[in-house]
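According to Swiss-Prot, the features are:
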BINDING   D115, D118, H256  Mn(2+) binding site
BINDING   H670, D672, H722  Fe cation binding site
DISULFID  C282-C285  disulfide bond
DISULFID  C382-C388  disulfide bond
DISULFID  C566-C701  disulfide bond
CARBOHYD  N66  N-linked glycosylation site
CARBOHYD  N286  N-linked glycosylation site
CARBOHYD  N551  N-linked glycosylation site
REGION    28-293  region 'Required for glycosyltransferase activity'
Amino acid sequence: MAAAGPEPRLLLLLLLLLPPLPPVTSASDRPRGANAVNPDKLLVITVATAETEGYRRFLQSAEFFNYTVRTLGLGQEWRGGDVARTVGGGQKVRWLKKEMEKYADQKDMIIMFVDSYDVILASSPTELLKKFVQSGSHLLFSAESFCWPEWGLAEQYPEVGMGKRFLNSGGFIGFAPTIHQIVRQWNYKDDDDDQLFYTQLYLDPGLREKLKLSLDHKSRIFQNLNGALDEVILKFDQNRVRIRNVAYDTLPVVVHGNGPTKLQLNYLGNYVPNGWTPQGGCGFCNQTLRTLPGGQPPPRVLLAVFVEQPTPFLPRFLQRLLLLDYPPDRISLFLHNSEVYHEPHIADAWPQLQDHFSAVKLVGPEEALSAGEARDMAMDSCRQNPECEFYFSLDADAVLTNPETLRVLIEQNRKVIAPMLSRHGKLWSNFWGALSPNEYYARSEDYVELVQRKRVGVWNVPYISQAYVIRGETLRTELPQKEVFSSSDTDPDMAFCKSVRDKGIFLHLSNQHEFGRLLATSRYDTDHLHPDLWQIFDNPVDWREQYIHENYSRALDGEGLVEQPCPDVYWFPLLTEQMCDELVEEMEHYGQWSGGRHEDSRLAGGYENVPTVDIHMKQVGYEDQWLQLLRTYVGPMTEYLFPGYHTKTRAVMNFVVRYRPDEQPSLRPHHDSSTFTLNVALNHKGVDYEGGGCRFLRYDCRISSPRKGWALLHPGRLTHYHEGLPTTRGTRYIMVSFVDP
C-alpha cells in the first residue's frame with residue numbers, strides 16, 4: 001500500500017482558493033531560441049544529506065557546464081524513507097517548499113530540481129533553457145514507463161502518441177512562481193511519497209491546464225534510465241560525449257539512473273560529459289589527485305596478502321613485496337596462507353619480510369580460516385587502527401611489476417581503487433565492466449578497450465578483485481561492519497563489492513599505467529616436484545622470467561653473445577640455473593633411468609643404436625612443455641643462426657642424459673637423427689663433475705668446458721659426426737633434442 005497522499009480534488013480546491021499566480025509570460029508568447037531566457041536566471045536545486053561520490057560526480061558535471069547549484073539538506077538526517085526499496089522522499093518536498101519561498105515572486109527565475117546521487121548533467125544551461133522554452137510549459141516533469149507508486153492511477157494519465165506516459169519526480173524544470181505554488185501544498189510526512197504528491201497534482205485536468213504542467217515524453221531534457229536502457233547509446237564527439245535516445249532521436253540534458261539502473265549510470269558517467277573522450281582522453285583523472293609531498297612521511301598502509309590456493313611462482317611474488325617503491329617503515333604486513341603446500345615458501349621468505357616491514361603478522365593454515373574470514377580479519381585490523389590510513393589488499397596471483405603501484409593508487413585520492421590487471425594475452429582481468437541480472441559477470445561494451453588499454457583512465461566499475469586500495473577512514477565511517485567478505489554465501493570478493501556498492505561507494509579501476517598481470521592458477525598441479533616448470537602455457541611471461549636465461553634476448557638480437565666454438569656449432573645462453581637444477585631434480589625424483597642398453601622399449605622399434613643413460617620428457621609428462629620451449633625460443637634462434645632455413649621445431653626425441661664414471665662416462669662417435677641438435681648443459685664442470693664435453697671428429701674440434709644453461713646448436717646427420725668425451729668424476733647432466741628428424 002502506498003503511503004498516504006493528498007486527494008486530487010482537495011488539492012485543486014486549495015489551489016483555486018490561493019491568491020492568483022504572479023504574472024508569468026506565457027511560453028507561447030516568448031521568443032523561441034537559445035537566448036529566450038537568460039542563463040543567469042537559471043538555478044539548479046538538488047538534495048543531498050552527505051557528500052557521497054555520486055553527489056560529487058553530479059557537482060563535477062554541473063561545474064563542467066557552469067551551472068549554479070543550490071544543495072538542500074547537507075549534513076542533516078535523512079528521514080524520507082528507504083526510497084531505493086519503497087515509497088518515500090517527502091522530505092525533499094518539505095525542503096524545497098521552504099527554499100522556494102525565496103523565489104516566489106521572481107517571475108523570470110527558472111528552477112530545475114533534480115536528484116543528485118544518481119544524476120549527471122550532459123549539456124549546457126543554454127541548451128537546457130532552449131528546450132524548456134520550446135516545450136511551452138510552465139513546469140515540465142521528467143517521464144518514464146512506470147506508473148509509480150500506484151499503478152491504479154495509470155488510466156487517469158492522458159494518452160500519449162509517442163513517448164513515456166508517466167511522471168517521474170526525480171527531475172523537473174519550471175518557472176519559480178509555478179513551482180512555489182505546487183510545493184507550498186505539501187503538508188505531509190517526510191516519508192510520504194513525493195512522486196505520488198506530484199502525480200496527483202498532474203492528473204487533475206483543470207490544474208494541469210491552469211498551471212501549464214506537462215511531461216517530457218520524448219526525453220528531450222530528462223532521460224530516466226529505468227525501463228529505457230535499450231533506448232540509450234553513447235554519442236562520441238572529439239571532446240564531448242552525449243547520450244542519445246535512439247527511440248526518439250533526442251539528446252537529453254539530464255541523465256537519471258533511477259531505480260535499479262545505478263550501475264548503468266556509473267557506466268555512462270565514465271564518459272558523459274567528458275569522463276573520457278576520443279581526443280582528450282580522461283577528463284577528470286587529474287582533478288582529484290593527491291600528490292604525496294616529498295620530505296614528509298607518506299600515509300601508513302596495511303598491506304594484506306592472501307594466499308588462498310596453490311599459486312605458481314609464489315617465491316617471486318614474495319620477493320616483489322620487498323621492491324614496492326614505498327617506505328617500508330610505513331607499511332605493516334598481514335599475510336594469510338591457507339595452503340600447507342606453500343608453508344616452506346613462506347618460511348624461506350619470512351625473515352626478510354620481518355626485517356623489511358615495520359610490523360608483520362602471519363596467519364597460517366592451522367587457523368582454518370575461510371578466505372572470507374581471513375579478509376575480514378585483515379580489513380578489520382586497519383579499521384580498528386586509527387593510524388591505518390590505507391588498506392592495500394593483494395592476492396598472490398596478482399603480479400605487480402610496477403613498483404610504484406601503491407603510490408600511484410594512493411595519489412588518485414579515491415575511496416576504493418584497483419589497478420587494472422589481466423592475464424597475459426587474455427581478456428581475463430580483475431574487474432567486471434557490468435553485472436548480469438543475478439549480479440554475476442557481464443561484459444560491458446567497453447570491456448575489451450579497457451583491458452587492452454585502448455581507452456585509458458579511471459573507471460567506475462561494479463566489481464574489482466585481487467588488488468585494491470581502500471581509505472582507512474572509509475572503513476571506519478562507511479564500512480564499519482566487520483563481516484564484509486563473509487556476510488553471504490557468495491564469493492568473498494562478490495560479497496565485498498556488493499557491500500561497497502550498497503553504501504553508494506564507487507569501485508574505481510585505473511588503467512592509466514601498466515601495473516602488472518594476473519596468474520592463471522586453475523591448472524596448477526602440485527603433484528610435481530617443481531610444478532612451476534609446467535607453467536609455460538598458462539603463465540608464459542612468468543615462466544620466461546624464471547626459466548629463460550636473462551641474456552637470451554640479447555643473443556637473439558645479435559648483441560655478440562652467440563659464440564661459434566666449432567664450424568657451424570653455435571653456443572648461446574638459453575636456460576637459467578634454476579631451470580637446469582629443477583630439470584635435474586625432476587629426473588632424479590622420477591628415478592627410472594634407462595640402463596644405456598640397445599634394447600629400449602620406449603622406442604617404436606625397440607632398439608637404440610647409440611644408447612645413453614637417460615629419461616625421456618614423455619616419461620615425466622613434460623613433452624608438450626619442452627616442445628613449446630623449442631618452438632618459442634630455439635626455433636627463432638635457429639632461423640637467426642642459419643639464414644634461409646625454416647624450422648618446424650618438431651622433435652620426437654627429447655631427453656636428459658646422465659654421465660657417470662661408474663655408469664656411462666662417455667658416448668661413442670655417431671651422427672644424430674636430426675636436421676639439427678640442441679644440447680644444453682644442466683650443471684657446472686669443475687663443481688659437479690670433471691671431464692666431459694663434446695668432440696666433433698670431422699673438424700677435430702672439441703668443447704671441453706660446457707657452460708650451465710648454455711645450449712649447443714649444431715647440424716645433425718651428415719656433417720657433424722661427434723662423440724661425448726669421458727666424465728672422470730661426479731655426475732654430468734645434459735638436455736638433448738633431435739629437432740626436425
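Cβ atoms here come from the backbone N, Cα and C positions, even for glycine.
Feature map: annotations from Swiss-Prot on the structure.
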residue : record                      : DSSP class
D115    : Mn(2+) binding site         : coil
C282    : disulfide bond              : strand
C388    : disulfide bond              : coil
N551    : N-linked glycosylation site : coil
C566    : disulfide bond              : strand
C701    : disulfide bond              : strand
H722    : Fe cation binding site      : strand
>> Using the alpha carbons only, what distance in Å do you get between H722 (Fe cation binding site) and C382 (disulfide bond) once rounded?
In response: 66
> Within 8 Å of the Cβ centroid of the Mn(2+) site residues D115, D118, H256, which other residues of the same chain have their Cβ?
Replying inline: V114, S116, Y117, V119, G170, G171, G257, N258, L265
> Across all protein chains in the structure, which of the disulfide-bonded residues C382, C388 has the highest Cβ count within 10 Å?
Replying inline: C382
> Any idea what DSSP makes of C382 (disulfide bond), helix, strand or coil?
Replying inline: helix
>> Counting across all protein chains present, how many other Cβ atoms fall within 10 Å of the Cβ of D672 (Fe cation binding site)?
In response: 22
> DSSP on N66 (N-linked glycosylation site), three-state: which is it?
Replying inline: coil
> Whole-number Å distance between the CA of C701 (disulfide bond) and the CA of D115 (Mn(2+) binding site)?
Replying inline: 86
>> Quick check: which same-chain residues outside H670, D672, H722 lie with their CB within 8 A of the centre of the Fe cation site CB atoms?
In response: V610, L667, P669, H671, T677, G716, H720, Y721, E723
>> For H256, H670, H722, listed as binding-site residues, tell me which one has the smallest number of other Cβ atoms within 10 Å.
In response: H670
> How many neighbouring Cβ atoms, not counting its own, are there within 10 Å of the Cβ of C285 (disulfide bond)?
Replying inline: 17
> Among the disulfide-bonded residues C566, C701, whose Cβ has the fewest other Cβ atoms within 10 Å?
Replying inline: C701
> Does N551 (N-linked glycosylation site) have same-chain partners at least 6 apart in sequence with Cβ under 8 Å from its own Cβ, and which are they?
Replying inline: L561, P573
>> Restricting to the chain of N286 (N-linked glycosylation site) and a gap of 6 or more, list residues whose Cβ falls under 8 Å of its Cβ, or answer none.
In response: none
> How long is the line from the C-alpha of C285 (disulfide bond) to the C-alpha of H256 (Mn(2+) binding site), rounded to the nearest angstrom?
Replying inline: 23
> Helix, strand or coil: which one is H256 (Mn(2+) binding site) in, per DSSP?
Replying inline: strand
>> According to DSSP, does D672 (Fe cation binding site) sit in a helix, a strand, or coil?
In response: coil
